[in-house]
């Protein structure tokens, strides 16, 4: 059943999330990234909504062609080119991998080839920039708002199709969830793993491609635009490209591990993931680079090094925390963490078919410091991206504000689910590891 707070939250997001994205991008395009000036203009009568809308670039055939070609290319890389990177990159896990067991007891198989798609895409990007010159490296920035309309169209089409598919021809009827509330079902999704054919998995494709592959290309386009406008690229733009590039590469290097995360293991596929991955992610996760096109910031050496160190420490915590959990899970606890045998709490849970399963909850290493310490590292990296932009405007800091809300909410969602799953064993675990994110504080 859908409680009133969840329904109110969903209605708010459905109505205002697209407007929030438009407002941020419009503010950069028309108001030099000021979030307050548009409101002041409207309240004082200097401008009307129609004035702002009329200055907004419309959908163009050029943008539609670019976006269609982009998505089609990523579909081809995802579906038709099996992974070969795992054959020559030591330590990389690619090719066909199994996901977690779904609530209906299904174990889906996935073709893990995101790193390969990222490499091929970026090799072609640089080959064009330096040799072929088919298009300008600033093409993404130059068509940024027309591309926004294309991304919205795809996001709504995919989300609507996923809902219709859940009713009429689901991939697995036992893994569908119907609440009876249209808005909740549309937002959060009906099908757990909607698929077309054997390999095209909606959730894995839209979570990783085309949005995250595009993330680094978008930042490169911003850097190219800064070079075009000012004759040089600032060290803050380089920092944003490097730190976010590390994050993106980490995602694809560990794509097989991603099959065990909350997005794949627990979320159904609806507007939240479909539209969010098409629009919210590429447009609001790249605000720092967009801001730096309009407000180039050249940091002093000390500040640049401090931000770089913060970002790298955050990444180290994020990666090592996840590595410890993955190592513990793969070896069933027969490993060493920080040179010692790991400590854990044994627990059990019952599946929907009445089968009892046994599990272990790690309380060693970073997981002994906080129950979601990987999120803490993620937030440190997010803060580093924002700090690279200086303090003149709040717009680039939207990311750290949003990520704090998102990851705190994920903590609460995850813990609610774990309490329902493990019961008294979860209470023993929270007594052993009392903090969620920040040791000694929260």
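The backbone N, Cα and C atoms fix where each Cβ goes, glycine too.
Among the residue ranges 250-268, 269-287, 326-344, the one that TrEMBL annotates as transmembrane segment is 269-287. Between the stretches 179-198, 299-318, 359-378, TrEMBL puts its transmembrane segment entry on 299-318.
Your range for transmembrane segment, going by TrEMBL and the list 90-108, 204-222, is 204-222.
TrEMBL tags one of the stretches 229-249, 418-438 as transmembrane segment, and that stretch is 229-249. Taking every recorded stretch in 6-25, 204-222, 269-287, 299-318, 382-407 and counting its Cβ pairs under 8 Å to the transmembrane segment (59-81), the highest total belongs to 204-222. Highest Cβ pair count under 8 Å relative to the transmembrane segment (144-164), across stretches 115-132, 229-249, 269-287, 299-318: 269-287. Residues of the same chain lying 6 or more positions beyond the ends of the transmembrane segment (115-132) and with a Cβ under 8 Å from any Cβ of it are 73-74, 77-78, 81, 83-85, 89, 92, 94, 209, 213, 216-217, 220, 224, 248-249, 252-253, 255.
Against the transmembrane segment (204-222), the recorded stretches 229-249, 269-287, 299-318 differ in Cβ pairs under 8 Å, and the greatest number is found for 269-287.
Of the candidate ranges 6-25, 269-287, 299-318, 382-407, 299-318 contributes the most Cβ pairs within a distance under 8 Å of the transmembrane segment (229-249).
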